[in-house]
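Input: a single structure, listed below in C-alpha coordinates.
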(Lines of atoms letter the chains of each structure in order from A; the text may use other names.)
(Lines give C-alpha, C1' and ligand atoms only; values in the text may rest on other atoms or scores of the structure.)
Protein backbone atom coordinates (compact mmCIF):
# COMPACT_ATOMS: atom_id res chain seq x y z
CA UNK A 1 0.00 0.00 0.00
CA UNK A 2 1.67 3.14 -1.17
CA UNK A 3 0.74 6.75 -1.20
CA UNK A 4 -0.74 7.89 -4.47
CA UNK A 5 0.90 10.89 -6.11
CA UNK A 6 -1.14 14.07 -6.58
CA UNK A 7 -0.52 15.95 -9.85
CA UNK A 8 2.63 13.93 -10.38
CA UNK A 9 4.22 15.07 -7.11
CA UNK A 10 5.75 12.95 -4.44
CA UNK A 11 6.41 9.96 -6.67
CA UNK A 12 9.92 9.53 -5.39
CA UNK A 13 11.35 9.44 -8.98
CA UNK A 14 14.00 11.99 -9.88
CA UNK A 15 13.03 13.96 -13.00
CA UNK A 16 16.38 13.76 -14.74
CA UNK A 17 17.30 13.32 -18.40
CA UNK A 18 18.53 9.81 -17.58
CA UNK A 19 15.07 8.62 -16.63
CA UNK A 20 13.05 10.51 -19.20
CA UNK A 21 12.72 13.90 -17.52
CA UNK A 22 13.74 17.27 -18.94
CA UNK A 23 16.90 19.20 -18.06
CA UNK A 24 14.97 22.05 -16.44
CA UNK A 25 12.84 19.82 -14.20
CA UNK A 26 13.24 19.95 -10.45
CA UNK A 27 14.23 16.59 -8.92
CA UNK A 28 11.47 15.06 -6.84
CA UNK A 29 12.26 14.84 -3.13
CA UNK A 30 13.43 11.47 -1.84
CA UNK A 31 11.10 9.70 0.55
CA UNK A 32 12.31 8.31 3.83
CA UNK A 33 11.57 4.57 4.03
CA UNK A 34 9.89 4.84 7.44
CA UNK A 35 8.09 8.09 6.81
CA UNK A 36 4.29 8.14 6.53
CA UNK A 37 4.59 9.41 2.93
CA UNK A 38 6.71 6.41 1.93
CA UNK A 39 5.61 2.92 1.06
CA UNK A 40 3.62 1.32 3.86
CA UNK A 41 4.92 -2.23 4.27
CA UNK A 42 6.26 -4.66 6.85
CA UNK A 43 9.95 -3.97 7.39
CA UNK A 44 12.71 -6.59 7.29
CA UNK A 45 13.55 -6.56 11.01
CA UNK A 46 13.96 -10.29 11.71
CA UNK A 47 17.69 -10.96 11.99
CA UNK A 48 19.35 -14.35 12.55
CA UNK A 49 19.20 -13.96 16.35
CA UNK A 50 15.58 -12.87 16.24
CA UNK A 51 14.73 -15.76 13.92
CA UNK A 52 16.34 -18.23 16.32
CA UNK A 53 14.44 -16.68 19.24
CA UNK A 54 11.11 -17.02 17.36
CA UNK A 55 11.68 -20.73 16.71
CA UNK A 56 13.12 -21.69 20.11
CA UNK A 57 10.70 -19.41 21.94
CA UNK A 58 7.66 -21.07 20.38
CA UNK A 59 8.89 -24.69 20.51
CA UNK A 60 9.84 -24.62 24.20
CA UNK A 61 6.63 -24.04 26.12
CA UNK A 62 5.44 -25.38 29.46
CA UNK A 63 5.50 -29.07 28.50
CA UNK A 64 9.17 -29.82 29.15
CA UNK A 65 8.85 -28.29 32.64
CA UNK A 66 5.47 -29.72 33.62
CA UNK A 67 4.67 -33.01 31.94
CA UNK A 68 7.36 -34.52 29.67
CA UNK A 69 6.11 -38.00 30.52
CA UNK A 70 3.99 -39.02 27.52
CA UNK A 71 7.07 -40.46 25.81
CA UNK A 72 8.22 -42.39 28.91
CA UNK A 73 4.74 -43.76 29.54
CA UNK A 74 4.33 -45.09 26.00
CA UNK A 75 7.91 -46.22 25.35
CA UNK A 76 8.13 -48.27 28.55
CA UNK A 77 11.75 -47.62 29.52
CA UNK A 78 14.16 -44.80 30.29
CA UNK A 79 16.58 -45.74 27.52
CA UNK A 80 13.93 -46.08 24.84
CA UNK A 81 12.35 -42.76 25.86
CA UNK A 82 15.69 -41.00 25.26
CA UNK A 83 15.96 -42.71 21.87
CA UNK A 84 12.48 -41.43 20.99
CA UNK A 85 13.41 -37.88 22.08
CA UNK A 86 16.45 -37.97 19.77
CA UNK A 87 14.55 -39.59 16.88
CA UNK A 88 11.75 -37.02 17.11
CA UNK A 89 14.36 -34.26 17.06
CA UNK A 90 15.84 -35.72 13.85
CA UNK A 91 12.41 -36.13 12.22
CA UNK A 92 11.51 -32.56 13.18
CA UNK A 93 14.79 -31.41 11.65
CA UNK A 94 13.72 -33.15 8.42
CA UNK A 95 10.49 -31.16 8.46
CA UNK A 96 12.35 -27.95 9.30
CA UNK A 97 14.80 -28.48 6.43
CA UNK A 98 11.89 -29.08 4.06
CA UNK A 99 10.34 -25.81 5.21
CA UNK A 100 13.71 -24.10 4.78
CA UNK A 101 13.58 -25.02 1.08
CA UNK A 102 9.97 -23.85 0.80
CA UNK A 103 10.76 -20.61 2.64
CA UNK A 104 13.74 -19.73 0.45
CA UNK A 105 12.08 -20.66 -2.86
CA UNK A 106 8.67 -19.09 -2.04
CA UNK A 107 9.68 -15.90 -0.23
CA UNK A 108 6.22 -15.00 1.04
CA UNK A 109 4.99 -14.95 4.60
CA UNK A 110 2.11 -17.18 5.68
CA UNK A 111 3.73 -20.57 6.31
CA UNK A 112 1.53 -23.63 5.65
CA UNK A 113 -1.21 -21.52 4.03
CA UNK A 114 1.14 -19.98 1.46
CA UNK A 115 2.83 -23.25 0.51
CA UNK A 116 -0.46 -25.11 0.07
CA UNK A 117 -1.77 -22.16 -1.98
CA UNK A 118 1.28 -22.24 -4.27
CA UNK A 119 1.29 -26.03 -4.71
CA UNK A 120 -2.38 -27.05 -4.70
CA UNK A 121 -4.42 -23.91 -5.25
CA UNK A 122 -6.74 -21.63 -3.29
CA UNK A 123 -9.47 -24.05 -2.19
CA UNK A 124 -7.24 -26.35 -0.13
CA UNK A 125 -5.38 -23.32 1.26
CA UNK A 126 -8.68 -21.75 2.31
CA UNK A 127 -9.78 -24.92 4.14
CA UNK A 128 -6.53 -24.78 6.14
CA UNK A 129 -7.09 -21.08 6.83
CA UNK A 130 -10.70 -21.65 7.84
CA UNK A 131 -9.80 -24.33 10.42
CA UNK A 132 -7.07 -22.06 11.80
CA UNK A 133 -9.32 -19.03 12.07
CA UNK A 134 -12.44 -20.55 13.63
CA UNK A 135 -10.85 -23.06 15.99
CA UNK A 136 -7.18 -24.03 16.04
CA UNK A 137 -5.42 -20.70 16.60
CA UNK A 138 -7.83 -19.16 19.15
CA UNK A 139 -8.01 -22.43 21.13
CA UNK A 140 -4.25 -23.00 21.01
CA UNK A 141 -3.51 -19.44 22.14
CA UNK A 142 -6.10 -19.74 24.92
CA UNK A 143 -4.54 -22.97 26.25
CA UNK A 144 -1.02 -21.48 26.34
CA UNK A 145 -2.43 -18.37 28.00
CA UNK A 146 -4.23 -20.45 30.65
CA UNK A 147 -0.93 -22.11 31.54
CA UNK A 148 0.60 -18.64 31.87
CA UNK A 149 -2.23 -17.49 34.16
CA UNK A 150 -1.93 -20.63 36.29
CA UNK A 151 1.83 -20.49 36.88
CA UNK A 152 2.25 -16.72 37.22
CA UNK A 153 -0.14 -16.82 40.21
CA UNK A 154 1.04 -20.08 41.76
CA UNK A 155 3.83 -18.54 43.93
CA UNK A 156 1.29 -16.06 45.35
CA UNK A 157 -1.29 -18.70 46.34
CA UNK A 158 1.16 -21.49 47.24
CA UNK A 159 0.51 -23.97 48.90
CA UNK A 160 -3.21 -23.46 48.16
CA UNK A 161 -4.73 -23.88 44.74
CA UNK A 162 -5.25 -20.86 42.48
CA UNK A 163 -8.94 -19.86 42.07
CA UNK A 164 -10.23 -20.38 38.54
CA UNK A 165 -11.52 -16.83 38.17
CA UNK A 166 -8.10 -15.48 39.16
CA UNK A 167 -6.46 -17.69 36.52
CA UNK A 168 -8.80 -16.40 33.83
CA UNK A 169 -8.29 -12.78 34.82
CA UNK A 170 -4.49 -13.19 34.78
CA UNK A 171 -4.82 -14.99 31.45
CA UNK A 172 -6.85 -12.12 30.00
CA UNK A 173 -4.19 -9.65 31.13
CA UNK A 174 -1.49 -11.82 29.53
CA UNK A 175 -3.36 -12.06 26.21
CA UNK A 176 -4.05 -8.32 26.20
CA UNK A 177 -0.43 -7.44 26.88
CA UNK A 178 0.80 -9.73 24.08
CA UNK A 179 -1.74 -8.24 21.67
CA UNK A 180 -0.71 -4.71 22.65
CA UNK A 181 2.99 -5.48 22.24
CA UNK A 182 2.53 -7.01 18.77
CA UNK A 183 0.32 -4.09 17.71
CA UNK A 184 2.73 -1.37 18.80
CA UNK A 185 6.17 -2.45 17.57
CA UNK A 186 7.74 -5.29 15.62
CA UNK A 187 11.19 -4.40 16.97
CA UNK A 188 10.10 -4.53 20.61
CA UNK A 189 8.15 -7.74 20.00
CA UNK A 190 11.36 -9.35 18.74
CA UNK A 191 13.53 -7.89 21.52
CA UNK A 192 11.22 -9.22 24.21
CA UNK A 193 11.09 -12.57 22.41
CA UNK A 194 14.90 -12.77 22.58
CA UNK A 195 14.80 -11.94 26.32
CA UNK A 196 12.13 -14.57 26.99
CA UNK A 197 14.03 -17.16 24.95
CA UNK A 198 17.15 -16.59 27.05
CA UNK A 199 15.02 -16.94 30.21
CA UNK A 200 13.76 -20.33 28.94
CA UNK A 201 17.29 -21.49 28.21
CA UNK A 202 18.37 -20.27 31.66
CA UNK A 203 15.56 -22.27 33.29
CA UNK A 204 16.60 -25.37 31.34
CA UNK A 205 20.25 -24.79 32.31
CA UNK A 206 19.19 -24.61 35.99
CA UNK A 207 17.78 -28.13 35.55
CA UNK A 208 20.54 -29.59 33.35
CA UNK A 209 23.62 -28.43 35.28
CA UNK A 210 22.81 -29.93 38.73
CA UNK A 211 21.38 -33.04 37.06
CA UNK A 212 24.56 -33.69 35.07
CA UNK A 213 26.65 -32.87 38.16
CA UNK A 214 24.84 -35.65 40.03
CA UNK A 215 25.27 -37.98 37.04
CA UNK A 216 29.04 -37.39 36.90
CA UNK A 217 29.22 -38.00 40.64
CA UNK A 218 27.99 -41.53 39.96
CA UNK A 219 24.22 -41.19 40.45
CA UNK A 220 23.35 -43.73 37.74
CA UNK A 221 20.98 -46.16 39.48
CA UNK A 222 17.97 -44.95 37.46
CA UNK A 223 19.80 -45.79 34.22
CA UNK A 224 20.40 -49.42 35.16
CA UNK A 225 18.58 -51.79 32.78
CA UNK A 226 17.54 -48.71 30.79
CA UNK A 227 16.80 -50.83 27.71
CA UNK A 228 15.27 -53.82 29.44
CA UNK A 229 13.31 -55.60 26.71
CA UNK A 230 10.47 -56.70 28.98
CA UNK A 231 9.59 -53.06 29.72
CA UNK A 232 9.62 -51.79 26.14
CA UNK A 233 6.11 -51.38 24.69
CA UNK A 234 6.25 -51.83 20.92
CA UNK A 235 2.54 -51.10 20.61
CA UNK A 236 3.01 -47.83 22.49
CA UNK A 237 5.97 -46.56 20.44
CA UNK A 238 3.78 -44.83 17.79
CA UNK A 239 2.03 -42.91 20.58
CA UNK A 240 5.43 -42.06 22.08
CA UNK A 241 6.52 -40.62 18.72
CA UNK A 242 3.23 -38.75 18.52
CA UNK A 243 3.95 -37.09 21.89
CA UNK A 244 7.53 -36.35 20.87
CA UNK A 245 6.59 -34.69 17.58
CA UNK A 246 4.16 -32.43 19.42
CA UNK A 247 6.91 -31.46 21.88
CA UNK A 248 9.07 -30.27 18.96
CA UNK A 249 6.23 -28.53 17.07
CA UNK A 250 6.98 -24.88 16.38
CA UNK A 251 9.99 -25.14 14.05
CA UNK A 252 7.79 -23.79 11.21
CA UNK A 253 6.93 -20.41 12.75
CA UNK A 254 9.78 -18.47 11.11
CA UNK A 255 8.24 -19.35 7.72
CA UNK A 256 5.15 -17.36 8.72
CA UNK A 257 7.22 -14.14 8.65
CA UNK A 258 9.56 -14.79 5.68
CA UNK A 259 8.93 -11.37 4.13
CA UNK A 260 10.30 -9.70 7.27
CA UNK A 261 13.49 -11.80 7.46
CA UNK A 262 16.76 -10.15 6.50
CA UNK A 263 18.50 -12.10 3.72
CA UNK A 264 16.07 -15.07 3.92
CA UNK A 265 18.15 -17.27 1.58
CA UNK A 266 20.76 -17.60 4.33
CA UNK A 267 18.91 -16.61 7.51
CA UNK A 268 15.98 -19.05 7.27
CA UNK A 269 18.00 -22.30 6.83
CA UNK A 270 20.64 -21.21 9.35
CA UNK A 271 18.11 -20.16 12.00
CA UNK A 272 16.19 -23.42 11.57
CA UNK A 273 19.27 -25.64 11.83
CA UNK A 274 20.72 -23.81 14.86
CA UNK A 275 17.36 -23.75 16.64
CA UNK A 276 16.64 -27.45 16.12
CA UNK A 277 20.12 -28.40 17.32
CA UNK A 278 19.69 -26.29 20.49
CA UNK A 279 16.17 -27.58 21.22
CA UNK A 280 17.11 -31.25 20.70
CA UNK A 281 20.20 -30.83 22.88
CA UNK A 282 18.14 -29.15 25.64
CA UNK A 283 15.29 -31.68 25.53
CA UNK A 284 17.54 -34.73 25.70
CA UNK A 285 19.78 -33.36 28.47
CA UNK A 286 16.79 -32.10 30.48
CA UNK A 287 15.33 -35.61 30.47
CA UNK A 288 18.71 -37.08 31.41
CA UNK A 289 18.78 -34.67 34.36
CA UNK A 290 15.26 -35.68 35.39
CA UNK A 291 16.12 -39.40 35.24
CA UNK A 292 19.29 -38.83 37.26
CA UNK A 293 17.38 -37.36 40.19
CA UNK A 294 13.98 -39.08 39.82
CA UNK A 295 13.03 -42.66 39.09
CA UNK A 296 10.68 -43.44 36.21
CA UNK A 297 7.87 -44.11 38.70
CA UNK A 298 8.40 -40.73 40.43
CA UNK A 299 8.43 -38.90 37.11
CA UNK A 300 5.18 -40.53 35.96
CA UNK A 301 3.51 -39.75 39.30
CA UNK A 302 4.58 -36.07 39.35
CA UNK A 303 2.04 -33.39 38.47
CA UNK A 304 4.82 -30.89 37.67
CA UNK A 305 8.13 -32.61 36.97
CA UNK A 306 10.35 -29.51 37.14
CA UNK A 307 8.85 -28.52 40.51
CA UNK A 308 9.47 -32.02 41.90
CA UNK A 309 13.03 -31.93 40.53
CA UNK A 310 13.71 -28.48 42.02
CA UNK A 311 12.24 -29.55 45.37
CA UNK A 312 14.72 -32.44 45.53
CA UNK A 313 17.76 -30.50 44.34
CA UNK A 314 17.27 -26.87 45.38
CA UNK A 315 14.88 -26.75 48.35
CA UNK A 316 13.06 -23.43 48.60
CA UNK A 317 14.33 -22.31 45.19
CA UNK A 318 11.60 -24.51 43.71
CA UNK A 319 9.24 -21.53 44.25
CA UNK A 320 10.96 -19.85 41.28
CA UNK A 321 10.11 -22.68 38.88
CA UNK A 322 6.46 -21.58 38.28
CA UNK A 323 7.74 -18.10 37.38
CA UNK A 324 10.07 -19.56 34.75
CA UNK A 325 7.21 -21.68 33.40
CA UNK A 326 5.00 -18.57 33.17
CA UNK A 327 7.74 -16.68 31.30
CA UNK A 328 8.13 -19.65 28.97
CA UNK A 329 4.38 -19.61 28.24
CA UNK A 330 4.45 -15.85 27.66
CA UNK A 331 7.26 -16.31 25.13
CA UNK A 332 5.22 -18.97 23.30
CA UNK A 333 2.18 -16.66 23.27
CA UNK A 334 4.26 -13.80 21.89
CA UNK A 335 5.95 -15.87 19.17
CA UNK A 336 2.75 -17.61 18.11
CA UNK A 337 0.76 -14.38 17.80
CA UNK A 338 3.59 -12.72 15.85
CA UNK A 339 3.46 -15.62 13.36
CA UNK A 340 -0.34 -16.10 13.16
CA UNK A 341 -0.99 -12.43 12.39
CA UNK A 342 1.22 -12.65 9.30
CA UNK A 343 -0.75 -15.62 7.99
CA UNK A 344 -4.01 -13.67 8.28
CA UNK A 345 -2.30 -10.65 6.70
CA UNK A 346 -1.19 -12.73 3.68
CA UNK A 347 -4.59 -14.46 3.38
CA UNK A 348 -6.27 -11.06 3.28
CA UNK A 349 -3.81 -9.91 0.63
CA UNK A 350 -4.76 -13.01 -1.42
CA UNK A 351 -8.47 -12.14 -1.12
CA UNK A 352 -9.39 -14.94 1.31
CA UNK A 353 -10.10 -12.67 4.30
CA UNK A 354 -11.54 -9.14 4.64
CA UNK A 355 -9.40 -6.42 3.10
CA UNK A 356 -8.87 -4.64 6.40
CA UNK A 357 -6.66 -7.49 7.67
CA UNK A 358 -4.01 -6.71 5.04
CA UNK A 359 -3.65 -3.10 6.16
CA UNK A 360 -0.56 -1.90 7.97
CA UNK A 361 -0.31 0.88 10.52
CA UNK A 362 1.32 3.76 8.63
CA UNK A 363 3.62 4.77 11.49
CA UNK A 364 4.24 1.58 13.46
CA UNK A 365 4.44 -0.72 10.41
CA UNK A 366 2.54 -3.51 12.15
CA UNK A 367 -0.45 -5.42 10.71
CA UNK A 368 -2.69 -4.03 13.44
CA UNK A 369 -5.98 -5.54 12.30
CA UNK A 370 -4.44 -8.98 11.64
CA UNK A 371 -2.97 -8.96 15.16
CA UNK A 372 -6.23 -7.97 16.86
CA UNK A 373 -8.54 -10.31 14.93
CA UNK A 374 -7.76 -13.24 17.25
CA UNK A 375 -8.39 -11.24 20.43
CA UNK A 376 -12.20 -11.46 20.70
CA UNK A 377 -12.29 -15.13 19.64
CA UNK A 378 -9.54 -16.12 22.09
CA UNK A 379 -11.16 -14.32 25.04
CA UNK A 380 -14.57 -15.75 24.10
CA UNK A 381 -13.22 -19.30 24.08
CA UNK A 382 -11.35 -18.62 27.30
CA UNK A 383 -14.54 -17.80 29.23
CA UNK A 384 -17.18 -19.73 27.29
CA UNK A 385 -15.81 -22.53 25.13
CA UNK A 386 -14.62 -26.03 25.97
CA UNK A 387 -11.07 -25.34 24.77
CA UNK A 388 -9.49 -28.72 25.46
CA UNK A 389 -12.24 -30.64 23.64
CA UNK A 390 -11.87 -28.31 20.67
CA UNK A 391 -8.12 -28.90 20.58
CA UNK A 392 -8.71 -32.68 20.73
CA UNK A 393 -10.97 -32.34 17.68
CA UNK A 394 -8.57 -30.20 15.69
CA UNK A 395 -5.01 -31.03 16.76
CA UNK A 396 -4.46 -33.78 14.18
CA UNK A 397 -5.24 -31.27 11.39
CA UNK A 398 -1.92 -29.55 12.07
CA UNK A 399 -0.01 -32.64 10.94
CA UNK A 400 -2.36 -33.29 8.04
CA UNK A 401 -1.76 -29.86 6.52
CA UNK A 402 1.96 -29.79 7.33
CA UNK A 403 2.22 -33.14 5.56
CA UNK A 404 0.30 -31.70 2.59
CA UNK A 405 2.62 -28.65 2.49
CA UNK A 406 5.75 -30.83 2.48
CA UNK A 407 4.14 -33.08 -0.13
CA UNK A 408 3.71 -29.88 -2.14
CA UNK A 409 7.50 -29.45 -2.08
CA UNK A 410 7.90 -32.84 -3.80
CA UNK A 411 5.05 -32.03 -6.20
CA UNK A 412 6.61 -28.70 -7.23
CA UNK A 413 9.96 -30.38 -7.89
CA UNK A 414 8.22 -31.97 -10.89
CA UNK A 415 5.61 -29.35 -11.84
CA UNK A 416 7.92 -26.32 -11.39
CA UNK A 417 11.42 -27.64 -12.03
CA UNK A 418 12.75 -24.20 -13.05
CA UNK A 419 11.77 -22.53 -9.74
CA UNK A 420 14.73 -20.80 -8.10
CA UNK A 421 15.74 -22.86 -5.06
CA UNK A 422 18.60 -21.20 -3.12
CA UNK A 423 18.40 -24.01 -0.55
CA UNK A 424 17.59 -27.53 -1.72
CA UNK A 425 17.25 -30.75 0.28
CA UNK A 426 17.50 -34.36 -0.95
CA UNK A 427 14.04 -35.72 -1.82
CA UNK A 428 14.18 -38.48 0.79
CA UNK A 429 14.01 -35.84 3.56
CA UNK A 430 10.55 -34.42 2.63
CA UNK A 431 9.39 -37.93 1.67
CA UNK A 432 10.22 -39.37 5.11
CA UNK A 433 8.73 -36.40 6.92
CA UNK A 434 5.46 -36.29 4.95
CA UNK A 435 5.07 -40.03 5.55
CA UNK A 436 5.56 -39.36 9.30
CA UNK A 437 2.84 -36.67 9.24
CA UNK A 438 0.32 -38.88 7.45
CA UNK A 439 1.14 -41.75 9.80
CA UNK A 440 0.31 -39.48 12.75
CA UNK A 441 -3.02 -38.59 11.12
CA UNK A 442 -3.75 -42.30 10.63
CA UNK A 443 -2.82 -42.91 14.28
CA UNK A 444 -5.33 -40.24 15.34
CA UNK A 445 -8.05 -41.90 13.25
CA UNK A 446 -7.21 -45.31 14.74
CA UNK A 447 -6.91 -44.26 18.39
CA UNK A 448 -9.75 -41.71 18.56
CA UNK A 449 -12.04 -41.99 15.53
CA UNK A 450 -14.93 -40.02 17.06
CA UNK A 451 -13.02 -36.84 17.93
CA UNK A 452 -10.97 -37.06 14.75
CA UNK A 453 -14.17 -37.42 12.70
CA UNK A 454 -15.66 -34.36 14.40
CA UNK A 455 -12.47 -32.43 13.62
CA UNK A 456 -12.69 -33.45 9.95
CA UNK A 457 -16.33 -32.35 9.86
CA UNK A 458 -15.49 -28.94 11.35
CA UNK A 459 -12.68 -28.41 8.85
CA UNK A 460 -14.84 -29.48 5.90
CA UNK A 461 -17.23 -26.61 6.65
CA UNK A 462 -14.49 -24.60 4.94
CA UNK A 463 -15.67 -25.96 1.56
CA UNK A 464 -19.12 -24.28 1.57
CA UNK A 465 -17.54 -21.25 3.23
CA UNK A 466 -15.08 -21.00 0.34
CA UNK A 467 -17.86 -20.98 -2.26
CA UNK A 468 -20.09 -18.62 -0.27
CA UNK A 469 -17.47 -16.04 0.64
CA UNK A 470 -14.95 -16.36 -2.20
CA UNK A 471 -16.40 -17.96 -5.35
CA UNK A 472 -20.13 -17.34 -5.73
CA UNK A 473 -21.22 -14.08 -7.31
CA UNK A 474 -24.83 -14.73 -6.34
CA UNK A 475 -24.54 -14.95 -2.58
CA UNK A 476 -27.46 -15.46 -0.17
CA UNK A 477 -29.49 -12.28 0.31
CA UNK A 478 -28.56 -11.86 4.00
CA UNK A 479 -24.87 -12.21 3.11
CA UNK A 480 -25.19 -9.83 0.17
CA UNK A 481 -26.74 -7.24 2.46
CA UNK A 482 -24.04 -7.69 5.08
CA UNK A 483 -21.18 -7.55 2.60
CA UNK A 484 -22.87 -4.72 0.75
CA UNK A 485 -22.76 -2.62 3.90
CA UNK A 486 -19.24 -3.66 4.93
CA UNK A 487 -17.17 -3.83 1.73
CA UNK A 488 -17.73 -0.22 0.61
CA UNK A 489 -16.56 0.92 4.04
CA UNK A 490 -13.43 -1.22 3.76
CA UNK A 491 -12.74 -0.04 0.22
CA UNK A 492 -13.17 3.60 1.15
CA UNK A 493 -10.83 3.02 4.06
CA UNK A 494 -8.28 1.46 1.70
CA UNK A 495 -8.55 4.45 -0.64
CA UNK A 496 -8.20 6.78 2.30
CA UNK A 497 -5.08 4.99 3.44
CA UNK A 498 -3.61 5.11 -0.06
CA UNK A 499 -4.04 8.88 0.00
CA UNK A 500 -2.80 8.82 3.65
CA UNK A 501 -3.40 12.50 4.32
CA UNK A 502 -3.18 11.93 8.08
CA UNK A 503 -1.68 8.80 9.64
CA UNK A 504 -3.59 9.27 12.88
CA UNK A 505 -6.91 9.33 11.04
CA UNK A 506 -6.00 6.10 9.25
CA UNK A 507 -5.24 4.44 12.59
CA UNK A 508 -8.54 5.55 14.06
CA UNK A 509 -10.44 4.31 11.01
CA UNK A 510 -8.75 0.93 11.31
CA UNK A 511 -9.73 0.64 14.97
CA UNK A 512 -13.31 1.67 14.24
CA UNK A 513 -13.66 -0.99 11.55
CA UNK A 514 -12.23 -3.68 13.86
CA UNK A 515 -14.31 -2.73 16.88
CA UNK A 516 -17.59 -2.16 15.03
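Cβ atoms here come from the backbone N, Cα and C positions, even for glycine.
Remember, TrEMBL labels are computer predictions, not curated facts.
Residues or ranges marked as region 'Disordered' in TrEMBL: 1-37.
For 48-66 (among others), the entry in TrEMBL reads transmembrane segment. When Cβ-Cβ distances below 8 Å are used as the criterion, the transmembrane segment (48-66) is approached by residues 144, 147, 151, 190, 193-194, 196-197, 200-201, 203-204, 246-251, 253-254, 257, 261-262, 267-268, 270-272, 274-276, 278-279, 282-283, 286, 303-306, 321, 324-325, 328-329, 331-332, 334-336, 338-339 of the same chain, each at least six residues removed from its ends.
According to TrEMBL, the feature transmembrane segment maps to 78-100 (among others).
Within the chain carrying the transmembrane segment (134-153), a Cβ under 8 angstroms from the stretch's Cβ atoms is held by residues 61-62, 66, 162, 166-171, 174-175, 322-323, 325-326, 329-330, 332-333, 336-337, 340, 374, 377-378, 380-382, 385, 387-388, 390-391, 393-395, 397-398, 458, all 6 or more beyond its ends. According to TrEMBL, the feature transmembrane segment maps to 134-153 (among others).
According to TrEMBL, the feature transmembrane segment maps to 165-182 (among others).
Here TrEMBL flags 194-216 (among others) as transmembrane segment.
According to TrEMBL, the transmembrane segment annotation covers 236-256 (among others). For the transmembrane segment (236-256), the residues of the chain that approach it from at least six positions outside its boundaries are 46, 51, 54-55, 58-59, 61, 63-64, 68, 70-71, 73-76, 80-81, 84-85, 87-89, 91-93, 95-96, 99, 102-103, 109-112, 115, 268, 271-272, 275-276, 279-280, 283, 332, 335-336, 338-340, 342-343, 395, 398-399, 402, 436, 439-440, 443, 447, judged by C-beta separation under 8 angstroms.
Residues annotated as transmembrane segment in TrEMBL: 268-290 (among others). Here the transmembrane segment (268-290) has Cβ contacts under 8 Å with residues 48, 51-52, 54-56, 59-60, 64, 68, 81-82, 85-86, 89-90, 92-93, 96-97, 99-100, 103-104, 201, 204, 207-208, 210-212, 215, 247-248, 251, 254-255, 258, 261, 299, 305, 309, 423 of the same chain, all six or more residues outside its ends.
The transmembrane segment feature in TrEMBL is assigned to 319-345 (among others).
According to TrEMBL, the transmembrane segment annotation covers 366-384 (among others).
Per TrEMBL, transmembrane segment is recorded for 396-414 (among others). When Cβ-Cβ distances below 8 Å are used as the criterion, the transmembrane segment (396-414) is approached by residues 95, 98-99, 101-102, 112, 115-116, 118-120, 124, 128, 131, 136, 245, 249, 252, 427, 430-431, 433-434, 436-438, 440-441, 444-445, 452, 455, 459 of the same chain, each at least six residues removed from its ends.
Residues or ranges marked as transmembrane segment by TrEMBL: 426-446 (among others). Within the same chain, residues 91, 94-95, 97-98, 101, 238-239, 241-242, 245, 395-396, 399-400, 402-403, 406-407, 409-410, 413, 452 sit at least 6 positions outside the transmembrane segment (426-446) and bring their C-beta atoms closer than 8 Å to a C-beta of that stretch.
TrEMBL lists 452-472 (among others) with the feature transmembrane segment.
Beyond its flanks by at least six residues, the transmembrane segment (319-345) meets 42, 53-54, 57-58, 60-62, 65-66, 109-114, 129, 132-133, 137, 140-141, 144-145, 147-148, 151-152, 154-155, 158, 174-175, 178-179, 181-182, 189-190, 192-193, 196-197, 199-200, 202-203, 206, 250, 253-254, 256-257, 259-260, 304, 306-307, 310, 353, 357-358, 367, 370-371, 373-374 of its own chain at Cβ-Cβ distances under 8 Å.
Proximity of distant same-chain residues to the transmembrane segment (78-100), defined by a Cβ-Cβ separation under 8 Å and at least 6 residues beyond the stretch ends, is recorded for 71-72, 222-223, 226-227, 232, 237, 240-241, 244-245, 247-249, 251-252, 255, 268-269, 272-273, 275-276, 279-280, 283-284, 287-288, 291, 296, 402, 405-406, 409, 423, 425, 429-430, 432-433, 436-437.
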